[in-house]
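In what follows, a single structure is set out as structure tokens and then discussed.
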Amino acid sequence: MVLSAADKNNVKTTWDKIGGHAAEYVAEGLTRMFTSFPTTKTYFHHIDVSPGSGDIKAHGKKVADALTTAVGHLDDLPTALSTLSDVHAHKLRVDPVNFKFLNHCLLVTLAAHLGADFTPSIHASLDKFFASVSTVLTSKYR
């Protein structure tokens, strides 16, 4: 999915607004995903997926850091996320549908926290961004 100049600006501006809350919001999104789509817990049998757990917070930080890297490399996501793509394809073997679940839960979480700043334009741009990241992370599955 191609991000337009407006999408890139929306993503960068929104990520700047999120600032130091990225790990917290992503952890909340993960909790939403595990609650709404319990089959996603399959890939996390080795950690405590209960709401607010240290494991959820730690994984939220990992995902937030990866997304922050992606925001900084919007023009070359495949290179920026290459190692992470290898891990998801060859080691973790996460079913690609789970990325869609997480994307949805992240959008819901961001909408709740950003309020009026979560405009239809921001929503669309973030949706495209998360879909682009997911596409890169699943690109090496073949």
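Each residue, glycine too, has its Cβ placed from N, Cα and C.
When DSSP labels each residue, the domain 'Globin' (2-142) comes out as 112 helix, 0 strand, 29 coil, counted as helix, strand and coil in that order. Taken from Swiss-Prot, the feature domain 'Globin' applies to 2-142.
Positions annotated as phosphoserine by Swiss-Prot, on the basis of similarity to another entry: S4 (among others). Here the Cβ of S4 (phosphoserine) has 10 other Cβ atoms within 10 Å, regardless of which shown protein chain they belong to.
Counting only residues at least six positions away in the same chain, the Cβ atoms of L74, D75, S125 sit under 8 Å from the Cβ of K8 (N6-succinyllysine). Marked as N6-succinyllysine by Swiss-Prot: K8 (among others).
Per Swiss-Prot, the feature N6-acetyllysine maps to K17. Neighbour list (K17 (N6-acetyllysine), Cβ cut-off 8 Å, at least 6 residues apart, same chain): L114, D117.
The N6-succinyllysine annotation in Swiss-Prot covers K17 (among others).
The phosphotyrosine annotation in Swiss-Prot covers Y25. All protein chains considered, the CB of Y25 (phosphotyrosine) has 19 other CB atoms within 10 Å.
Annotation source Swiss-Prot lists phosphoserine at S36 (among others). Counting every protein chain shown, 12 other Cβ atoms lie within 10 Å of the Cβ of S36 (phosphoserine).
Look at Swiss-Prot and you will find S50 (among others) tagged as phosphoserine, backed by similarity to another entry. Shown in sequence order, I56 are the residues of the chain, 6+ apart in sequence, with a C-beta less than 8 angstroms from the C-beta of S50 (phosphoserine).
According to Swiss-Prot, the feature O2 binding site maps to H59. Around H59 (O2 binding site), the same-chain residues at least 6 positions away in sequence with a Cβ under 8 Å from its Cβ are A27, L30, F44, I47.
Summarising the annotation, Swiss-Prot assigns heme b binding site to H88 and lists sequence analysis as the type of evidence. Shown in sequence order, V94, L137, T138, K140 are the residues of the chain, 6+ apart in sequence, with a C-beta less than 8 angstroms from the C-beta of H88 (heme b binding site).
The C-beta environment of T109 (phosphothreonine), restricted to residues of the same chain at least 6 apart in sequence and closer than 8 Å, consists of Y25, V26, E28, G29, R32. Taken from Swiss-Prot, the feature phosphothreonine covers T109 (among others).
Sequence annotations record features per position, and here Swiss-Prot assigns phosphoserine to S125 (among others) based on similarity to another entry.
Feature annotation from Swiss-Prot assigns phosphoserine to S132 (among others); the stated evidence is similarity to another entry. Using a 10 Å Cβ-Cβ cutoff, S132 (phosphoserine) registers 20 neighbours.
The phosphothreonine feature in Swiss-Prot is assigned to T138 (among others); the stated evidence is similarity to another entry. Every protein chain considered, the tally of other Cβ atoms within 10 Å of the Cβ of T138 (phosphothreonine) stands at 18.
Sequence-distant contacts of S139 (phosphoserine), defined as residues of its own chain at least six apart whose C-beta falls under 8 angstroms from its C-beta, comprise P78, S85, A89. Taken from Swiss-Prot, the feature phosphoserine covers S139 (among others), and the record attributes it to similarity to another entry.
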* Express the distance between the Cα positions of S36 (phosphoserine) and S4 (phosphoserine) as a whole number of Å. => 31
